[in-house]
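Report on the structure given below.
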Amino acid sequence: MWPLARRSRKMTRLLFLTQSLSSNPKPISHSHTYYNYSVSRSFHNSISHLSLAFLYPIRSPAIRAFCSKPSSAVGVGSLPSMTEDISYLTQREAAEIDEILMGPLGFSVDQLMELAGLSVATSIAEVYKPSKHNRVLAICGPGNNGGDGLVAARHLHHFGYKPSVCYPKRTAKPLYTGLVTQLESLSVPFISVEDLPLDLSKDFDIIVDAMFGFSFHGSPRPPFDNLIQKLVCINNYDQTHQKSSAIVSIDIPSGWHVEGDGGAEGIKPDMLVSLTAPKLCAKKFFGPHHFLGGRFVPPSIADKYKLRLPPYPGTSMCVRIGRPAQVDISALRENYISPEFLEEQVEADPFDQFRKWFDDVVAAGLREPNAMALSTASKNGKPSSRMVLLKGFDKNGFVWYTNYESRKAHELSENPHASLLFHWDGLNRQVRVEGSVEKVSDEESDQYFHSRPRGSQIGAIVSKQSTVVPGRHVLYDQYKELEEKFSDGNIIPKPKNWGGYRLKPELFEFWQGQKSRLHDRLQYSPKEINGQQVWKIERLAP
């Protein structure tokens, strides 16, 4: 048996002591802030090196980049159900919180800018996949909103997009010249205003509006007045149902007033990425995608201003505000890009091929690579499926463990045949295995049971799988009772109705996603040649 290693991830929790805020909170209209560097930057002339690792708390044990189960954020209440429940900031409140962040809390400009730009890039990646929206133009202003756009462009390059930058009024300070140098080192092109096409939609799939932030006053000056009009024209194309670029505004749509809107002739972005907290003008945003980014609000500020914001999921740098836009399910599809999967490249033995692909998944760091859909059927042919975890495999078959009185166990007792399906989305791969099923030996089940964490052993005793329970509290009460019973550290006996199954493969299919739905499908089926069983490899039509 080739056991699946259980890898434990240690989480390092770092405690930071910050100066408490002594002043009493002022009544606010449920609002919050994004940092206005122009207010506080004057007393931060020296720029410290960025250290991202400790800037936001890790609250959930399930760590997964960009998407994970929701977790509570420090100083933030439960997830609001409607956009109206979110805190919104006035211009004064936003500036005041900036002063606190950049003063007693010790944040530097480059730290906040890096987090803001990363938040924008991850928000874009949540909605606009690089396979379909690859060409990005970041239009950057002379201030810190423009700096956020430069940082976002760098991250988008590393995410697989092809960004270009229009940066007509460059700031000569080291922070900004450094960002330009970083982009130039990645061969990200800079385009002058004069060289921009009249119709941006012909050359770009996404326009990042990073011209002006919440501290902007007055009317835009050249060349930004004309650039804003170019974005307004994109809105007009969209109204006539012509193909148009998606506009993503950072914190404030350029030209809007922080406490108002852009009027009938202003930019109407498809996505708004509010930073730290939405500003009052975000109430006038009616586009399909509103995200919150800038995950650096410490509890002292959240408590002082009584902020009500959605919790960030897992380790994500962004979180959606409000309900997602309605989606045409029939239009959801991915055009897979994968290496060819050819007959002459595969292993002759499907077990060896499976191990090769499984090792690839583990090396790629995909979450729960051993998760598989187990499908069974009753004696009458009524099917059922569920996700279980593979716990070992070798030439004798694939092993998992469960309760012998569960629905799947009853179906397997009536009809000892099943199929397994592994779906490894990150590599565009699937493996389907069909075969007969038998129980593993009591010794094998007992050995695995006692290798599990004690909490999982107790859970297996508590759960009368597939039976009706009056409420979750019943499970908790029984668990606590058994936890106390076995607190002396003695061996926990394996329940008689718990153990393993082994599926003995009779057919394998390896699937590799390809462009235009022309997927690779290679099937292994047993064949007898000269009294010996070999595996026959055949290509199936996608």
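Each Cβ is built from the backbone N, Cα and C atoms, and glycine gets one as well.
A quick note: this is a predicted structure, and the numbers were derived from the prediction, not measured.
Here TrEMBL flags 94-309 as domain 'YjeF N-terminal'. Look at TrEMBL and you will find ASN144, ASN145, GLY146, GLY147, ASP148, GLY213, PHE214, SER215, PHE216, HIS217, GLY218, SER219, ASP251 tagged as (6S)-NADPHX binding site. Positions annotated as K(+) binding site by TrEMBL: ASN145, ASP209, SER254.
The structure, with features from TrEMBL marked on it.
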residue : record                   : CB count, 10 Å
ASN144  : (6S)-NADPHX binding site : 27
ASN145  : K(+) binding site        : 29
GLY146  : (6S)-NADPHX binding site : 27
ASP148  : (6S)-NADPHX binding site : 36
ASP209  : K(+) binding site        : 29
PHE214  : (6S)-NADPHX binding site : 26
PHE216  : (6S)-NADPHX binding site : 22
GLY218  : (6S)-NADPHX binding site : 6
ASP251  : (6S)-NADPHX binding site : 34
SER254  : K(+) binding site        : 26
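Mean pLDDT, taken over the domain 'YjeF N-terminal' (94-309), works out to 91 on the 0 to 100 scale. SER254 (K(+) binding site) is 11 Å away from GLY146 ((6S)-NADPHX binding site) when you measure Cα to Cα. Between the CA atoms of ASP251 ((6S)-NADPHX binding site) and ASN145 (K(+) binding site) there is a gap of 8 Å.
The two recorded residues, ASP209 (K(+) binding site) and PHE216 ((6S)-NADPHX binding site), have Cα atoms 14 Å apart.
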